[in-house]
């Protein structure tokens, strides 16, 4: 009561405030009634609509902010919103027919064409092409044919033939790849932004990639399968580099990753990661985090290629199928969330037929678009 005996003026609480949302519930109700004048509209319909729109807006703004950050821009533009929508599968399906003003367009490049352009410059193609050329020159019957066609044409033909072989291998999921320097490319998959995933049958210590991944424990133990292989190939220099890293870094936490120089190895760097044990608390999330941390370290060094073993499926006890699914899921989501990545090729270095079959099968399930 006021001093004059009248009632206090009570401030009206809006429907949005009552529902706990920011978007205007009353306006949503008017929009729904305009479109459906013959139907009765429930009280909860505009509230639910406002909540959904608010959630979608926040999601798009978060992804657009990540795109602006990755492109080193301080302000979110319509272009970043377009990229955010295009790189999220659900949002892309929802807003497929929506035009974003001043957002530009996304080039519709077929993944195979993109892979050919990048593959001709990549290290893997450079490794694959020499052996067939040597085989073609070694027989006495094929030498005059090479002279007639010319060096450049012969090289182009050999590249085309090898491309057909690799495509057949990836399509049929067989072990008929292109054998080169002790390893065979069994299957290739291109992701949305052009990164290539390749299943390779070989020893991880023999591949000439920018980085190889070494699954270890908190003390940087090198007694596992991958650690033993790298230690034999790298020798004392590799062991000393690991010891120095252990002193500088200290114990390696679960899902953590640290990098050292690849002394004595074809690879430039070795990324040591501490993967979780199967059955531990949140082991699946931690395995995904382990893979993403390895990729982030490679991106920090501006590396273009990285080779993974089957992390977690050895002594840590992960089922091979589960480990493959989690690793591929982590890699795919990493490249979607990180708009600008220096990594162009990811190798999976496998040696047993069971792991090879699982990775080829799981890679075929990934959507290249």
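Quick reminder: no glycine exception, Cβ is built from N, Cα and C everywhere.
The annotation domain 'Histone H2A' is assigned in Swiss-Prot to 2-117.
Taken from Swiss-Prot, the feature N6-methyllysine applies to 18. Counting only residues at least six positions away in the same chain, no Cβ atom sits under 8 Å from the Cβ of residue 18 (N6-methyllysine).
Annotated ubiquitin cross-link per Swiss-Prot: 116 (among others), in sequence order, evidence recorded as similarity to another entry.
The ubiquitin cross-link feature in Swiss-Prot is assigned to 117 (among others).
The SUMO2 cross-link annotation in Swiss-Prot covers 123 (among others), and the record cites similarity to another entry as its basis.
Here Swiss-Prot flags 123 as N6,N6-dimethyllysine, drawing on similarity to another entry.
Feature annotation from Swiss-Prot assigns region 'Disordered' to 128-180.
Residues annotated as phosphothreonine in Swiss-Prot, with a large-scale study or a structure entry given as evidence: 129 (among others).
If you look up Swiss-Prot, you'll see 144-160 marked as compositional bias 'Basic residues'.
The SUMO2 cross-link annotation in Swiss-Prot covers 167 (among others).
The phosphothreonine annotation in Swiss-Prot covers 178 (among others) and rests on a large-scale study or a structure entry.
Across the domain 'Macro' (184-367), mean pLDDT in this model comes to 90. For 184-367, the entry in Swiss-Prot reads domain 'Macro', with the evidence type sequence analysis.
Sequence annotations record features per position, and here Swiss-Prot assigns SUMO2 cross-link to 189 (among others) based on similarity to another entry.
Taken from Swiss-Prot, the feature glycoprotein binding site applies to 203, 204, 226, 275, 312, 313, 314, 316. DSSP assigns residue 312 (glycoprotein binding site) to coil in the three-state reduction, placing it in neither a helix nor a strand.
DSSP gives residue 320 (SUMO2 cross-link) a helix state. Under the heading SUMO2 cross-link, Swiss-Prot lists 320 (among others), citing similarity to another entry as support.
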Three-state composition of the domain 'Histone H2A' (2-117), taking helix and strand from DSSP: 65 helix, 0 strand, 51 coil
For the binding-site residues 312, 314, the one whose C-beta sees the most other C-beta atoms within 10 angstroms: 312
Residue, out of the binding-site residues 204, 226, whose Cβ gathers the largest set of other Cβ atoms within 10 Å: 204
